[in-house]
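J.: Annotation comment: TrEMBL describes 115-227, 285-554 as domain 'Amino acid transporter transmembrane'. Look at TrEMBL and you will find 117-137, 143-163, 196-216, 287-303, 315-336, 356-378, 390-411, 439-460, 472-497, 503-526, 538-558 tagged as transmembrane segment.
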Amino acid sequence: MEEDTKPLLIPVGGDESNYGIMNIQFNPEDFKCKRPFHVEPTNIVSVNDDMQRVTDEASAMNKRIHYYSRLTSPTDRALIAPDHVLPAPDEIYVYSPLGTAFRVDSCTDGYGKNSSIVTIFVIWNTMMGTSILSIPWGIKQAGFTSGIILILLMGLLTLYCCYRVVKSRKMIPLIDTSNWEFPDVCKYYFGSFGQWTSLLFSMVSLVGAMVVYWVLMSNFLFNTGKFIYNYVHDINVTDIVPGTNGSNKVICPSAAGDHPPQNGSMVFSSGNSTGFELFEEWWNKSQTVPFYLIAILLPLLNLKSPSFFAKFNVLGTVSVIYLILLVTVKAAHLGIHLEYNWFTEDEFFVPEFRILFPQLTGVLTLAFFIHNCVITLLQNNKNQENNVRDLSIAYLLVGLTYLYVGVIIFASFPSPPLSKECIEQNFLDNFPSNDIMSFIARIFLLFQMMTVYPLLGYLARVQLLRQLFGNAYPSVFHVLILNIAIVGAGVLMARFYPNIGGIIRYSGATCGLAFVFVYPSLIYVISLHRAGQLTWPVLIIHIFIIVLGLANLIAQFLL
């Protein structure tokens, strides 16, 4: 009789594995490490090197395993897929939120083989994005002293909220959450509202990043093309903007006046002036160049497999290292130009404390944003007990990088003769197009962004279309409409609002409201309340964090 009470399907013994995505390894002789074959479509997508994303057989098997896994509760292991139905290891690829595809090689105790140093570097590399170009401008908006303080405070606050995200899965009792991502946790606590709002704010962060990329790519392509044209035709062009003299020239585009020429330059040497004027007409930063990018990037967005571009992920690291080198060299030549005016503003310097400081907090919210994929990154840490330490070290390094670039650019900006108000939202715009080091930086960043852009578009497609249609590529028509909308948003912004600092702070404060401030705090409070461990100090502190996030968003539209 006892035999009749047992389930028909009994899982093979052994603990389930918890998979990371960066360096998982398979031992072909140990089949236990290959269970379970469960891939959340909104977070991980199997990819192949060719246009066919995955074999039809593996795709069908994945759907069957998904179906079986939904027949019982997560705590019931009766329908876990047996070893013999899993695809071969060489068929398994995963796609990470970093925009990188990785082959699954082997596993050890369910975790990846990344050391703490590698994990720290991966988190640092992931957070280092386009926000670094706007940090000097943000410090100028907040004031030098308050800017430094805000970078430190926002780093600590976002680190704590990120820590709460990492711990959120473990506070769910009686359910195996080893394969959950943060949107799954939101769905558990808030139902379909949490699922759809997490999707919405995730799309805001992705599309916001893509819009910033389009504006920057238009900027970099314009300046690169201008440099090459002038060099090939031996044209000496001087920007009609205030600037310093000498070999290390710094310019102030925002002070060019209300009626500068379209591209802000004049020809001072003999040559074909008619040809140059024609070039200026057809090579315009806001009116033509943003449209030229459509011919290059729109076809790439429609590819089923963006895995080729993932191979260039290392360019992000190279670009950041080169920017640090550029900042160091420029500062060595320009020197330090600081004067402390605590609350008063003069012709060349800004006060140490300014009412515009929320503009920096908006930028920093996105600059420190990694909350939607931090669980995935830390799952691959070899020593899981070091996750909190490694995350803290990574945030420290990110904060120091932002501080170094922001402080050095602000301090070395030549005031006088130029005012600190001249610091641009993209600090590379403060160097003329014929500056060699800036030209190299723009080349690096342009190529890097053109390879990352299709990956961001693919991730946006996977998250949105899979939720709406159950398929990441329902048809060419669906994908084309989505990509046209995303590209159109980028073109419109590059044409009418090419202010990356503004775009970054708006999108950062919006997506940060949910992923950084509200959801981590609410989930922690609810979990403590259900466990009967909630205290008034904890409740007040986390309500205050939520209020800060809401105030951060509202302030972006008031200042």
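Placed from the backbone N, Cα and C atoms, the Cβ positions cover glycine too.
Please treat TrEMBL annotations as automatic predictions, because they have not gone through curation.
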J.: Going through 287-303, 356-378, 439-460 one by one, which has the most CB pairs that fall under 8 Å from the transmembrane segment (315-336)?
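T.: Ranked by Cβ pairs under 8 Å, first place goes to 439-460.
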J.: Considering pairs 6 or more residues apart, do the transmembrane segment (390-411) and the transmembrane segment (143-163) have at least three CB pairs under 8 Å?
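T.: They are in contact.
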J.: Given the transmembrane segment (472-497), which of the listed stretches 117-137, 143-163, 196-216, 287-303, 356-378 has the most Cβ pairs that are under 8 Å apart from it?
T.: 287-303
J.: Under 8 Å for C-beta pairs, could you tell me which stretch among 117-137, 143-163, 287-303, 356-378 has the largest tally with the transmembrane segment (503-526)?
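T.: Between the candidates 117-137, 143-163, 287-303, 356-378, the best contact partner of the transmembrane segment (503-526) is 356-378.
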J.: So are the transmembrane segment (117-137) and the transmembrane segment (356-378) touching or not, going by 3+ C-beta pairs under 8 A with a sequence gap of 6 or more?
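T.: Checked: the transmembrane segment (117-137) vs the transmembrane segment (356-378), in contact.
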J.: Which residues of the same chain, at least 6 past either end of the transmembrane segment (196-216), have a Cβ under 8 Å from a Cβ in it?
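T.: Residues packing against the transmembrane segment (196-216) from afar: 42, 129-130, 133, 182-183, 186-187, 190, 290, 293, 366, 369, 372, 426, 445, 449, 452-453, 456-457, 459-460, 463-464, 467, 486-487, 489-491, 493-494, 498-500, 503-504, 506-508, 510-511, 513-515, 519.
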J.: Helix, strand, coil: count each for the residues of the domain 'Amino acid transporter transmembrane' (115-227), based on DSSP.
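T.: Counting residues by DSSP class gives 98 helix, 0 strand, 15 coil.
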